[in-house]
Amino acid sequence: MSKMKCFWLIMAVTMMISFAGSAFAKPIEINWWHAMRGARGETVQKIVDGFNSSQSEYKVIPTYKGEYDEVVNAGVAAVRAGKQPHILQSFEVGTQTMMLSGAIYPVYQLMADKGYKIDWSRYLQPVLSYYMNADGNLMSMPFNSSTPVMYYNVELFKKAGIPMLSKDEPITWDEMGEITAKLVKSGVEGGMVTAWQSWTQVENYSAIQNLPFASKANGYEGLDTELQINNDKVINHIARLKSWMSDNRFYYGGQKYQGPKSEFIAQNAGIYIDSISGIAKLQAAATFDWDVAPLPVESWNKKPQNSIIGGASLWVFKGLPAKDYAGVAAFMNYLSGNGPQILWHKETGYFPITLGAYEQLKEEGYYKENPFQEVGIKQLTRQIPNKNSRGLRLGYFIQIRNIVNEELELVWNDSKTPQQAMDSAVARSNIKLREFERTYK
Amino acid sequence: MIKKRSYFKSRSLPYLLILPQVLITLTFFYWPAVQGVVSSFQLSDPFGLYTKFVWFDNFIALFKDPLYLKSIATTLFFSGSVAFVSITFGLFLATMANRVLKVTTLTRTLLIWPYAIAPAISGILWLFLLHPSYGVVAIFIEDFLGIDWNPLLQSSHAMLMIVMASAWKNVSYNFVFFLAGLQAIPHSLIEAAAMDGASPFRRFWTITFPLLSPTMFFVTVMTIIFSFFESFGIIHAVTQGGPGGSTNILVYKVYQDGFIGLNLGSSSAQSVVLMSLIILITFLQFKYVERKVQYTG
């Protein structure tokens, strides 16, 4: 073959291939910005691959944009520049800001517009309720949801002669006092530690005890909400924890989870309160037997409410080409299917968000093999969520959590009494809430 | 008449040559600064859909907030301590290194190393030493000195920790400049003083120190600016402003309120206050301290 002939042949083949390529429409690309790193990020990729290979019309492209706050900031900047992604993962504390942003396409509306008839009652209600508006419509698709539970060191419990705890029936805070006293007496350095103190000891404490965290149904019914955590019951709880510090029944290990977790792993504390997503971390790090129990309740609380969730949900931005949204809806529908939900739950420990997935897992006997995983789900679903326990809808919630954390630290280091600290937390947070309200007026 | 060695024939060429630098400064410094000043007068949601002009409301709210005033005091105390510790140690080490001549290069190189470490890493290193749960030195302090070391709860411990981490990093920077300054001082002066019978301390105090004053002045300004801004990484890694807000210096508060909390109006107002404060401090230094500085040897 002469060189010339060879050249023409290559040209012809190239032309044919590119023609053939354009004959099949290129899939519509759907961008998803998320905050799931490491093993969680790999699971996200698996779910996306599953969707992409299940059809050829759309292609979801997940991008890790950093921690939660960085993802939200990336989203804000993108919306301002008119280059928003289709889907953005935002943490639960940013719910109010996202909801009022005016930049989102509510998920319930998206699914209805695209012809998906979804039976929302087949979802875990405490998960949905966090992301619903006042009318009970779902604004964003729940994605990774967790709730706090109590981990305890089985070996230290045995040594101190404490019976193992039930996975269904919560102990009371009075019993917690006795157990931690026994632990300390048996020679353990500390009784209990807690991660994320504002979330576990104030937000969830209030929800479980059926106490309002803020007025206007925890902020669901209006921006003119005010914090209400300076009530007797919360103050008593804080005062009780403070009194436990004097004999090490309670030990402060920091605002986040690293400090408390390392105390638990080093067996300096027998009890550790943290999110159910801590299961995987403990499985990797703890060298002793441990177990999971629901969070304690007050002895006067005969009907403990559900605990509330933490985590993040998926928001859909509006203002993108209309043809893309059918793909977004298809992906959301795929995501809430049993397959991806079960994969997500098994690999990350976050809740499956539908009852269907939960029931299938039960039938498979998954919880017989992994009894830890079910404690959180049972605690979360033991009641129908009410105004005090469906979630928190506050503006500048991140700062409010910061304020609560700061004030709690001032109790722990003897600078303030529990009453002073909670009064101050309420007053400071209310200033933030008024500022937020003014912004959106 | 002195003849100019070179000059530009075209009037526009010099402007053309400085244009890239001017453009960069305008885009990356003046434009964001102006934006910051504008949004400090506004109340705005993060997505920018609701923006209201509120005059000085953001500033009034700030100065009504006792915690903000406390944060200013914390910042001044923090940067004062960092400046004091890092300048004292830097000067001490430089004086020592200037004398020891045998292993100078090695000593100097080793002493400069910490400056090459990013603030966040420096913070993490100190955290590994001093964290009450897993810090190596913390265990030593508790077991052998009998001090209940707990920077998670004790404000003074937390402050001590971030001052040490920041000062440690900055000592090397100061060291380099002091060493250069010391080496520029003519030996004849010191020798003459020695012959007149001046003690080593007196020689240092009346000759070396005054001659070192330009360096001292430069280093002070730089250290204070460093501790106002770059210490952010250390605070973020070590205390996150805690416990109870006791190490929440101004720049960290701007980040917490603006980037994490998305409260743009307030955090812009805070940046403007921060900017004014640093301008004021630098101005005062130039006005009052620089007078005492002797630039000629």
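Note: Cβ is positioned from N, Cα and C throughout, glycine not excepted.
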With TrEMBL as the source, identify the stretch among B:155-182, B:211-238 annotated transmembrane segment.
-> B:211-238
Cβ contacts under 8 Å made by the transmembrane segment (B:258-284) with residues that lie 6+ beyond its boundaries | 33, 36-40, 42-46, 54, 58-59, 61-62, 68, 72, 221, 224-225, 228, 250-251
Range from B:12-31, B:72-98, B:211-238 with the greatest count of C-beta pairs under 8 A to the transmembrane segment (B:110-129) = B:211-238
In the same chain, which residue numbers or ranges, 6 or more beyond the ends of the transmembrane segment (B:12-31), come under 8 angstroms Cβ to Cβ?
-> none
